[in-house]
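Chemist: Per TrEMBL, domain 'Class II Histidinyl-tRNA synthetase (HisRS)-like catalytic core' is recorded for A:26-272. Sequence annotations record features per position, and here TrEMBL assigns L-histidine binding site to A:36, A:52, A:56, A:205, A:209, A:210. Taken from TrEMBL, the feature domain 'Anticodon-binding' covers A:294-383. Taken from TrEMBL, the feature coiled coil covers A:367-394.
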């Protein structure tokens, strides 16, 4: 078996791990370096070694339950990153197989024809058809039939329409896959993510080990420039997630061939980071690299003792807190640090505050300060952080 | 330079990274595979490749500020794991150097004598002295002087006592290191961890790249059996954290020799996990491998739609939620799953609950159930989880 060369390479060691350790069910995620075997366009920031986040659900479960959860997770991740609108395209390996059979593609041509379909997101249909007919020797009539089917995209109504299609009705693979799709789309609706999901008959991907549902998460406004020259096109920038069901992979590594059904998605975190950085640069802001919520600031000299006590108090209350590692830092330097690093709150102490049993709580964004009683500091900070968070997310 | 062979090997790639990328200040943690070069006793569960958690603070800062924070972090980690009492031993590389000089150890014997002192936590003084004198050719009088010094351990009062020691007073290294120690112990007090810290003159560790403070976190009740035979002794089980200041390492990798002062600690997470597992087995409980807070349980058939909606609602509210991947799982199976996996709460739905607009909220530990209005479910769950958490941690 040839393994998909560009994505979800991480599924292979995962499947080997399950087989070797006789793990029959697990849900896990993993952020790690992965490797691709093809020759990436290094000039465009693609390398053989890169970071990827994978999650997978392995186990013998009822149809479409873990498959729908994968979509929910991708939607949650892309939503929370706040990088614009996206769509999660779905299709089904067995629907593609059924479609090829219905179009009269000979069995031994399924794979090469599938890899031509895979290019439809970057290339015009005319070029794909030329590849099918001229390079891969497909009957032009069969290619035209494929050209009709791959235009179908939409929601439940499209699946219902295809279930009535005479050609597909004769293909057991296609009918069963369409029933799966119906269930998947219904579950997505119950999960509240139906508006993010698009059933798309042209989605093919590198199909070598997929056996069921396949996914691709695409950012809108980052789509491939069709027909653009090699140097102009934004290669794969739109695609930020991809995966599918691979029920046969674990069995390949198990000495007894015991199968463990799996479904999973890979998130292209390097690509997402680069999009987030570009976006931040454009808005003249910075991508935060820490999660610090509070900076403890001393407004005068010789207050290091008090600062350390305050830090310990806030850390013990699970408030993400920082302070300067200088004994007597300048107030301005500390405030600048907050602003540069996007730290939302500063607790400011001076000698008079200490004597009065208070601190000043400063909202870094507005530079507003107000007095808070020392014993109420933790609860006040938690309240303000909650308000700031709900303000940002709404 | 020979690199410490048993611990904090991860500091080397970290230092190389800082030098190559011209990073002059950073605070970071890292959980990853690390490698040791010595021949570990594999029969006792020690391997060349193992997981370790490191954290390090790099940057030119005021004395003892990041050093004290490292102790605070180790104390927080070991406290939160709830695996019994522990102590964080501290010493100082330059105090050891000053002490050896005060005892008349020739410069070229500092390192081998130091490595003999390093064995004091596992071996009786008599054997260590024999190694110093017979194997390493140290004057017995010098060894005896070392034997006096390494007995010192305690808090600030011991540091003050040593600052008055005639032999050490003549050693600039020793005096400056003792002043560092004083400041460190004071900061630890302000951080509220002084009761966990023990200044210990016998703490040596593999000192090759340490330049200042050194640490070792030791679990009490897991200490080395002194003089025990090889098969009996619990090799290194007590030691679960170790580190120190290494101001020279980054400069070794920088083409211009530019130094970046660093301090860091490694946490032996594999050892900690094995201790937690042993503890859990002894109390007939299990180490939780997931953080699931709520299981959505259907008490009857054909409720999968309602379960999916509830899951989405709880996920969207950031409640860690699971459900069965079976369409119609048995109620008993779902409850057993909660108990086996330590899931604290179950949301139970049946047809009558759905019609009444309520759910049953079950506390898995006590099997108590009570009715909660559907629209109050999220806030009620958050309240109960907070109560359960504060009950466990107190």
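Cβ atoms are placed via backbone N, Cα and C, with glycine included.
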Chemist: How about long-range neighbours of the coiled coil (A:367-394): same chain, 6 or more residues beyond its ends, C-beta under 8 Å?
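Modeler: Beyond its ends, the coiled coil (A:367-394) has Cβ neighbours at 293-294, 310, 313-314, 317, 319, 344-345, 347-348, 353, 357-361.
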Chemist: Over the coiled coil (A:367-394), what does the predicted model average in pLDDT?
Modeler: 89
Chemist: What are the helix, strand and coil residue counts for the domain 'Anticodon-binding' (A:294-383) according to DSSP?
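Modeler: The domain 'Anticodon-binding' (A:294-383) comes out at 40 helix, 25 strand, 25 coil.
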Chemist: Return the residues near residue A:210 (L-histidine binding site), defined as same-chain residues 6+ apart in sequence whose C-beta is under 8 angstroms from its C-beta, sorted by sequence, else 'none'.
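Modeler: Expected: A:93, A:244, A:245, A:246.
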Chemist: How many other Cβ atoms are found within 10 Å of the Cβ atom of residue A:205 (L-histidine binding site), counting all protein chains shown?
Modeler: 26
